[in-house]
Amino acid sequence: MSKEKFERTKPHVNVGTIGHVDHGKTTLTAAITTVLSKHYGGAARAFDQIDNAPEEKARGITINTSHVEYDTPTRHYAHVDCPGHADYVKNMITGAAQMDGAILVVAATDGPMPQTREHILLGRQVGVPYIIVFLNKCDMVDDEELLELVEMEVRELLTQYDFPGDDTPIIRGSALKALEGEAEWEEKILELANALDSYIPEPERAIDQPFLLPIEDVFSISGRGTVVTGRVERGIIRTGDEVEIVGIKDTTKTTVTGVEMFRKLLDEGRAGENIGALLRGTKREEIERGQVLAKPGSITPHTDFVSEVYVLSKEEGGRHTPFFKGYRPQFYFRTTDVTGTIELPEGVEMVMPGDNVKMTVSLIHPIAMDQGLRFAIREGGRTVGAGVVASVIK
């Protein structure tokens with residue numbers, strides 16, 4: 001049987017379910033695939049198909065994640081659901097499944113719970129741009145006032161973490177009843193799909209973003225000058241473009257006089273391609289791995305930042321012992337390690353393997369970074385943690 005061709009005709013959007021344990025995230029995921037397949041085509045996925053999520057490795061970290069897909073008339077969605085709380089934490093921090101928006105599931109019978117709060121906070125830290133709320137199990141709550149109270153609590157919680165709580169779409173539904181095919185509750189799933197379509201803007205594709213190439217290697221070619229190689233992270237680079245070399249040393253400007261791929265000259269290099277860029281008037285020793293080539297003014301170098309970090313457990317090959325303030329590991333950004341020191345939040349004395357923690361990092365060299373950049377924490381080449389830049393300090 002030949003594989004079905006992947007249709008690129010519709011915009012592709014990445015979403016996922018987040019929220020407290022047993023509030024119905026996986027049931028909702030099953031309900032979305034079931035109801036949408038009935039109305040718009042596509043494959044329905046049963047609860048147990050989603051719940052026994054396969055193990056994946058992202059940056060050496062074991063994560064259980066289920067990936068499903070579904071369609072609305074205007075979009076194609078890739079949706080990620082995790083069985084356990086720890087999987088969510090790891091997933092969001094490593095960016096294993098980047099989300100353009102999240103569906104926060106809150107049981108109307110419980111209201112917001114500790115993990116509801118933690119997932120919203122994580123969403124803020126790791127840069128999930130939009131959250132839509134599905135108030136689940138509404139079939140079990142007869143009291144309209146109680147529903148309004150829960151809704152108000154959720155809005156306040158979102159506002160507390162800088163999401164627009166007052167304007168967030170909140171859909172009242174019952175994932176289980178929708179899954180069982182009850183028409184009035186199926187309608188709520190269609191309402192949710194509609195909210196996804198209208199509230200989450202179409203994500204900007206990597207190719208439309210400002211050019212950035214992490215430098216992996218530098219060569220000097222006699223008679224031609226200096227060539228840097230790497231995989232274009234975003235944007236497009238064309239022969240004749242002015243670029244900045246950012247990170248580690250002072251930022252300098254240069255012009256790209258040639259772009260090549262597999263030793264062939266090209267007019268341009270695009271996001272996702274491995275290229276070599278020939279730089280005008282730049283000496284081999286002025287550039288090193290770990291710097292980036294970037295569109296002028298699009299990214300700046302920084303040493304100090306706030307991050308959200310997951311520390312690998314012993315079973316994942318991480319440390320066997322906790323670390324304390326003053327810990328000095330290497331932080332691996334894109335292509336290189338930079339030593340840094342850490343500050344722990346007030347009241348946190350130590351961090352155990354398997355924990356996640358907010359920490360402030362100070363690097364010995366500046367690195368080109370902005371919010372959302374992922375990194376690994378390493379000791380002597382061994383990965384012991386994964387993190388994401390939540391905000392830049394200086």
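All residue numbers here begin at 1 and follow the chain in the order shown.
Cβ coordinates come from backbone N, Cα and C, glycine included.
These figures come from a predicted structure and were not determined experimentally.
Listed ranges 136-139, 156-159, 328-331; the one Swiss-Prot annotates as region 'G4' is 136-139.
Record note: among 60-64, 140-144, 185-189, 60-64 is the stretch given as region 'G2' by Swiss-Prot. Among the ranges 69-72, 81-84, 229-232, 297-300, the one that Swiss-Prot lists as region 'G3' is 81-84. Feature annotation (Swiss-Prot): of 3-10, 19-26, the stretch labelled region 'G1' is 19-26. According to DSSP, H85 (GTP binding site) sits within a helical segment. Highlighted: of the candidate stretches 19-26, 81-84, 136-139, 81-84 has the greatest count of Cβ pairs under 8 Å to the region 'G2' (60-64). With a cut-off of 8 Å between CB atoms and residues at least 6 apart in sequence, the same chain places T17, I18, G19, D81, V105 near K25 (GTP binding site), listed in sequence order. If you check the binding-site residues C82, H85, C138 against T26 (Mg(2+) binding site), the ones with a Cα inside 10 Å of its Cα are C82.
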